[in-house]
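S.K.: Let me begin by handing over the structure; questions about it come next.
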Amino acid sequence: MIIQPRVRGFICLTSHPEGTAEHVKQQVAYVKSKGKIENGPKKVLVIGASTGFGLASRITAAFGSDAATIGVFFEKPAAPGKPGTAGWYNSAAFEQQATEAGLYAKSINGDAFSDEVKKQAIALIKQDLGQVDLVVYSLASPRRTHPKTGVAHASVLKPISQPFTNKTVDFHAGVISDISIQPVESEDDIDNTIAVMGGEDWKFWIEELKAANVLADGVKTVAYSYIGPELTYPIYRNGTIGKAKDDLEATVPVLNDLLADLNGVSYVSVNKALVTQSSSAIPVVPLYISLLYKVMKEKGIHEGTIEQIQRLFAERLYTGAAPALDDKGRIRVDDLEMREDVQAEVAKLWEKATTENLEEISDIAGYRDEFFHLFGFNFSNVDYEADTNEVVEVPSIKG
Ligand code: NAI
């Protein structure tokens, strides 16, 4: 079928199999261009492996360190006349490219929050890898059915005590407007967001992997967090999602205790703001990102997901020494984003930004381009008028 982008708000309903394969290929090429990561991971489980930071983690482990990877994700497979989700096609392309390079790669498509998928992952590790030496936890989800209580928790993106009004952008139309977001109605909003995006599920994974004896001596585990600038604090770091990130970060010492007898260690890495399916959904953030991209590109310090994760692995996690941590015990690869000169310029642009000057003072064009890249569109070497086979399988998943 001929697949064109069909955009609804901050999501794109269609994805292009050849375009997503091109996106994966470019990320693989970047990792290869940086050379091998010495003493990198060899057997890796990535939870949330199909898009964004998780996919970049899988690609970095495989192509930067020749690692065997098992990827867990929740994606819609392709069916005749119905394209699969981007993460489905990404995973198909990843497996194909990894296998061609002689690397083991298998995937599990299902709800990572469930006990069932944890059991499947453990069985697959036992069967094929024995143990894993790195577990990357990179889920971003709006909901979680709790595996013990059966309660369905829905996360919300809200400020906590006061309404928050600031600029936001419709990045497709290029229109800036004011948005007011009402604060949480009750503690339940906070608790539900923590239940979905906090650290409990990460802990469940590590507990179950350990109990099944599938974690290698010296195992590492890492999850991803965000801080960002003061102007997004009310909606991000001091909002409901920030409370969930606090909870995720507070899980690190708990996991360190759990992993101590395996000489294992857990980390949270604070990453840079980037265009992903999840960040596009947060009000205010896309305008901040498009100004940030402008400033960081001008300074020659821009990074995408793959550059971030390659640097995390090569310069933080696998240097042979323990990584430097901030005063709250976190790895920081948002160091370039948070540089004083960068933040000062973004703050100035933020004040100035209007619909009229948006194209000029921000990188909204780059934002849009990256948004479409997430779904396999806007690649100059892909013919979007041509018929393409939408029914692409992830090789390790039997249809
Ligand atoms: P994303 O939306 O690109 O990826 C989410 C992944 O989770 C996908 O592989 C998806 O299939 C998987 N997933 C979602 N629900 C699932 C479920 N129930 N079972 C199995 N898999 C499921 O998200 P992104 O942006 O890469 O986020 C990953 C982590 O990085 C999150 O913790 C996020 O808060 C964090 N982060 C994101 C930043 C950004 O600017 N995008 C910045 C810093 C941190």
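Backbone N, Cα and C define each Cβ position, glycine as well.
Note: TrEMBL annotation is automatic and uncurated.
Annotation source TrEMBL lists domain 'Trans-2-enoyl-CoA reductase-like NAD(P)H binding' at 2-78. Per TrEMBL, NAD(+) binding site is recorded for 48-53, 74-75, 111-112, 139-140, LYS245, 274-276. Taken from TrEMBL, the feature site 'Plays an important role in discriminating NADH against NADPH' applies to GLU75. Marked as domain 'Trans-2-enoyl-CoA reductase catalytic' by TrEMBL: 82-318. According to TrEMBL, the feature substrate binding site maps to TYR226. As annotated by TrEMBL, active site, proton donor applies to TYR236. Residues or ranges marked as domain 'Enoyl reductase FAD binding' in TrEMBL: 325-387.
Explain the structural surroundings of these features, please.
M.R.: In sequence order, ASN109, GLY110, ASP111, ALA112, SER141 are the residues near PHE74 (NAD(+) binding site), counting only same-chain partners six or more apart with C-beta under 8 A.
DSSP classifies GLU75 (site 'Plays an important role in discriminating NADH against NADPH') as coil under the three-state reduction. There are 23 other Cβ atoms within 10 Å of the Cβ belonging to GLU75 (site 'Plays an important role in discriminating NADH against NADPH').
Summed and averaged per residue, pLDDT over the domain 'Trans-2-enoyl-CoA reductase catalytic' (82-318) gives 96.
Counting every protein chain shown, the Cβ of TYR226 (substrate binding site) has 20 other Cβ atoms within 10 Å. Under the DSSP three-state reduction, TYR226 (substrate binding site) is assigned to coil, being neither helix nor strand.
In three-state terms derived from DSSP, TYR236 (active site, proton donor) belongs to neither a helical nor a strand segment and is classed as coil.
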S.K.: For LYS245 (NAD(+) binding site) and TYR226 (substrate binding site), what Cα-Cα distance in Å is obtained after rounding to a whole number?
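M.R.: Checking the Cα atoms of LYS245 (NAD(+) binding site) and TYR226 (substrate binding site) gives a distance of 7 Å.
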S.K.: When the Cβ positions of the recorded positions TYR236, LYS245, VAL275 are compared with the atoms of ligand 1, which fall under 6 Å?
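M.R.: Close enough to ligand 1 is none of the recorded positions.
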S.K.: Starting from the Cα of TYR226 (substrate binding site), work out which of the recorded positions (SER50, GLU75, TYR236, VAL275) are within 10 Å.
M.R.: TYR236
S.K.: Near ASP111 (NAD(+) binding site), how many other Cβ atoms are within 10 Å of its Cβ?
M.R.: 16
S.K.: Near the Cβ of GLY48 (NAD(+) binding site), how many other Cβ atoms are there if near means within 10 Å?
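M.R.: I get 26 for this one.
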S.K.: If you draw a 10 Å sphere on the Cβ of GLY52 (NAD(+) binding site), how many other Cβ atoms land inside?
M.R.: 24
